Amino acid sequence: MSALRYAGLGDTDSEDELPPGWEERSTKDGWIYYANHVELKTQWDHPKTGKKKRIAGDLPYGWEQETDEKGQIYFVDHINKRTTYLDPRLAFTVEDTSDKQIIRQRYDGNSSALDILQGRDLSGKVAIITGSNSGIGFETARSLALHGAHVILACRNRTRVSEAIQKILEEWHKAKVEAMTLDLASLLSVQQFAETFKARNLPLHILILNAAVFGLPWQLTRDGLETTFQVNHLGHFYLVQLLEDILRRSIPSRVIIVSSESHRFTDLKDSSGKLDFNLLSPPKKEYWAMLAYNRSKLCNILFSNELNRRWSPHGVTSNVLHPGNMMYSNLHRSWWLYTLLFSLARPFTKLRQINCVGSACIGVGGLYLPDSKCVIFKAVGCGEMGKDRDGVGQGWVSVDVGV
């Protein structure tokens with residue numbers, strides 16, 4: 001990965017492309033000007049758009065500004081051990097308008113996870129990701145860590161998580177990444193994880209509930225519950241409850257739950273239309289692996305919806321995503337972490353398409369994100385059961401009593 005690529009200078013918006021013979025430069029105080037090498041002149045306005053821009057924010061994580069013996073400023077990328085005279089912040093500029101500042105980020109649907117985070121310094125941010133020793137969980141942890149975040153990989157398998165951490169450290173030896181043991185099939189393990197984390201007095205800005213099991217034969221956990229239900233939902237539910245005070249102290253903070261479109265193919269109601277909690281942890285004779293998975297994913301959605309309703313007034317938002325068919329979308333422009341997760345999901349999908357959404361979905365919680373569409377729970381999108389407000393509240397109380 002080249003230094004310029006890492007900084008966000010690998011490609012540009014077509015709108016901002018300069019005519020032949022032009023170069024974009026910046027002043028010491030952050031204003032951008034344009035040099036015309038053909039006519040040997042400079043100007044403040046973009047030669048194509050006529051816009052004036054300036055640099056926004058600090059240098060990306062891992063970058064430092066230096067001055068050479070001639071007094072010329074250059075930039076050092078300590079991660080990739082490269083230098084350049086081109087300011088990496090040119091990838092993230094602010095238009096000088098009379099109305100408001102418009103942040104322009106130069107990435108599109110073909111961008112990788114690191115492209116999306118390029119130019120962002122996540123120093124001081126703390127993230128916990130469950131099930132992060134492989135797949136999307138690992139790539140999320142890797143991407144956050146390479147941009148300065150303190151990332152905790154919450155996993156059961158110590159050997160595999162150690163290998164995952166080593167891979168990240170091989171890329172950037174100063175990455176702040178570590179493992180903590182978490183076995184979602186044990187409520188005691190969940191409790192011990194939360195207590196250990198609390199004892200460290202760290203904030204928690206991002207909690208990604210990614211771990212899940214699928215296709216298991218019927219078996220009970222040491223807590224006497226069906227494994228798919230406990231690992232995919234109940235363990236995460238309990239973890240969030242235990243970390244509530246830290247999430248509230250760390251606002252604005254986010255909870256992101258990885259669910260699935262398969263939640264549509266089940267419900268949790270009996271013949272009278274009431275929630276039947278016996279369906280969550282069924283006996284062996286009534287167990288079907290696919291149905292158990294679908295129900296656990298529906299529980300994820302119900303939980304996130306109610307969690308956002310209860311906690312968003314306090315600065316903690318919750319959203320659900322289905323990575324299996326997340327495609328190109330404008331939704332992810334609302335927050336860089338959603339863009340990151342969309343990108344990480346693409347290698348695991350077959351289709352690629354662009355879905356446009358309105359501004360109503362930007363900057364809010366309580367979302368379900370299927371097919372890269374932004375869908376508020378009260379609107380269409382998730383299955384009807386996932387929009388059941390009465391069921392959500394009943395489920396919260398019942399499960400809360402259970403744990």
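Cβ coordinates are placed from backbone N, Cα and C, and glycine is handled just like the others.
Listed in TrEMBL:
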- 1-23: region 'Disordered' (REGION)
- 16-49: domain 'WW' (DOMAIN)
- 57-90: domain 'WW' (DOMAIN)
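Across the domain 'WW' (57-90), DSSP classifies residues as 3 helix, 13 strand, 18 coil. With helix defined as DSSP H, G or I and strand as E or B, the domain 'WW' (16-49) counts 1 helix, 14 strand, 19 coil. Each residue in the domain 'WW' (57-90) has a pLDDT score, and their mean in this model is 80.
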